[in-house]
Structures are given as C-alpha cells and as structure tokens.
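Please read the structure below before turning to the comments.
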Amino acid sequence: MSKLYFYYSAMNAGKTTALLQSSYNYQERGMRTLLYTAAVVCQKNDIKYIRSRIGLTSSARIFNGKTNLFKQISIVNKEKKIHCILIDECHFLNRNQVIDLTKVVDILNIPVLCYGLRTDFQSKLFSGSLWLLAWADKLIELKTICYCGRQANRVLRIDNNGCVIRAGSQIMFGDNNQYVSVCRKHFHKKYN
C-alpha cells in the first residue's frame, strides 16, 4: 500500500541528497521515478534539475502554485508506469497540491516522498509543510546539528554582518550562508 511521506528538517540536513539517493535506489531496481522541484527555486538560475550541496544532480519537473500535480502525474503514469514520486522543496506546495499528492497515493497507488523545511526563519510553518504535517501518512525528521551540538530544528536568517534578521519576506534566495540551523534554545537566544 502506497503512502505519502514528509521528510522535514532545518537547512543543511541532507534532504536533497536523501531524495536523490531514494530515486537512485528505485532506478537501480528498474523502477521509474518522477522528480519535482519548486519553480521559485529555479527562477534564480533557470534550472530544471535538483542539485544537492554535495554535487548530486537529477533532472526534474517544475511546479508552481498553479501546477495540477494529480493531473500531470496521471498523464505521465498512463504513458509508462511511475513507481515513485519525489518532491524537493515541498514546503512551497499549496493546500490543493498536497491534496493532489494524497490522490496520487490513494487513487494511483504511487508512493510520494516529499522533502522540505518545516519552518521559516521566523519559526512559522510554510504552507506546504502545514498541510503535509496534517495529511502525510509518515512524518520523518532528518537530523542536523546546532553549533552547540544539540539537534537543530530552527533556521535563523542573518545579514552580511552576522546579525539576525527578524522580519521580511518568507521566501528569499541567496547564499546558504544567509541561514544558520540552530536548536530551539539558540533560536530564542539569538532571535529575541
């Protein structure tokens, strides 16, 4: 029986690497995978692939707020059987797209593995994360560590001087050095 999985963490936990490894495992067994990533991530570099920090890459389809994932996946699956759907940057999904993914699991019987952030730099849930936390069959937290050695489960946004940014757009792209994964204790110490 297929399930909807949500793999979440703070930044720099290896979510994309884990996604690409999962896809490879399916492909190694002769199974087809279909990968998606968020258009907002691709707009900066006009890319249509998923790339991990350690250099692994794979081509991917792009989703934006208007993408009907159930319809797209149904068409591709009808042409040739898909064995697994993998979504990178799933925190950018909207409510209807998470519903689409539940239909992929329940109607098409295809497992869906979603990888993304749980919260933003203000410790607020992203839309996709909110609905995946509500509707996923399995929730799996990927671990990374704070500079103190505790598990990091929050993200701070910092400026060029190393000062914490407390306000601004939820979505901002730039160097990964603008974000620091920290534990709850150090989030509150630095953020407040």
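Including glycine, each Cβ sits where the backbone N, Cα and C put it.
According to Swiss-Prot, the feature active site, proton acceptor maps to Glu89. Under the DSSP three-state reduction, Glu89 (active site, proton acceptor) is assigned to coil, being neither helix nor strand. Neighbour density for Glu89 (active site, proton acceptor): within 10 A of its CB lie 25 other CB atoms from the protein chains shown.
If you look up Swiss-Prot, you'll see Ser9, Ala10, Met11, Asn12, Ala13, Gly14, Lys15, Thr16, Asp88, Glu89, Cys90, His91 marked as ATP binding site. Listed in sequence order, Lys15, Thr16, Leu19, Leu35, Tyr36, Thr37, Ala38, Val41, Ile50, Ala60, Tyr115, Gly116 are the same-chain residues at least 6 apart in sequence whose CB falls under 8 Å from the CB of Asp88 (ATP binding site).
Taken from Swiss-Prot, the feature Zn(2+) binding site covers Cys146, Cys148, Cys183, His186. For the recorded site, Cys148 (Zn(2+) binding site), the DSSP three-state label reads coil. Counting every protein chain shown, 11 other Cβ atoms lie within 10 Å of the Cβ of Cys148 (Zn(2+) binding site).
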Secondary structure at Lys15 (ATP binding site), reduced by DSSP to three states: helix
For Ser9 (ATP binding site): DSSP state (helix, strand, coil): strand
In the chain carrying His186 (Zn(2+) binding site), residues 6 or more apart in sequence that have Cβ under 8 angstroms from it: Cys146, Tyr147, Cys148, Arg150
